[in-house]
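In what follows, a structure is listed as structure tokens, so that the remarks can point back to it.
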Amino acid sequence: MAILNILEFPDPRLRTIAKPVDVVDDGIRQLVDDMFETMYEAPGIGLAATQVNVHKRVVVMDLSEDRSEPRVFINPEFEPLTDQMDQYQEGCLSVPGFYENVDRPQKVRIKALDRDGKPYELIAEGLLAVCIQHECDHLNGKLFVDYLSSLKRDRIKKKLEKIHRQQA
């Protein structure tokens, strides 16, 4: 397994729309393993392949405190099941150190393939619903900062660019 490099906003590669996975093979399973290792090391609770510069529709997630609930979503799709919205303070491994409130549908149906390529479906609410929507946004080239006002988004962008310049 390997720790992968996580792209950071405003890297334009984060805007790439990921392509569907045609076949879940050993290469995809290795990507899943590497993504879990990267996510746990970061540490985070979710990671989309786009964030590690692999533009395939793959998401890993683990909302548990003890890394006991790893979830894999290959070619995930979600459908809101309610008009009710929840507001969560979201953060992102690609926007390190920043947290902002984002409104998202409270309940969603998720369809995806598992690590073995088997289709499954689940109904998600709360944090799981928020996370799958957040990670699917990554696969579509969208970040949580896109839900913010342009003023807030520009402020975050400038702060991160300054940090990147100082690290160079």
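The backbone N, Cα and C atoms fix where each Cβ goes, glycine too.
Swiss-Prot annotations:
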- E135: active site (ACT_SITE)
- C92, H134, H138: Fe cation binding site (BINDING)
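The record gives C92, H134, H138 for Fe cation. Within 8 Å of the mean position of their Cβ atoms, the other Cβ atoms in that chain belong to G46, A48, Q51, E90, L93, S94, E135, D137, L143, F144.
In this structure, H138 (Fe cation binding site) is part of a helix by DSSP.
Long-range neighbours of H134 (Fe cation binding site) (same chain, six or more residues apart, CB within less than 8 Å of its CB): G46, E90, C92, V102, R104, F144. In the three-state DSSP assignment, the secondary structure recorded for C92 (Fe cation binding site) is strand.
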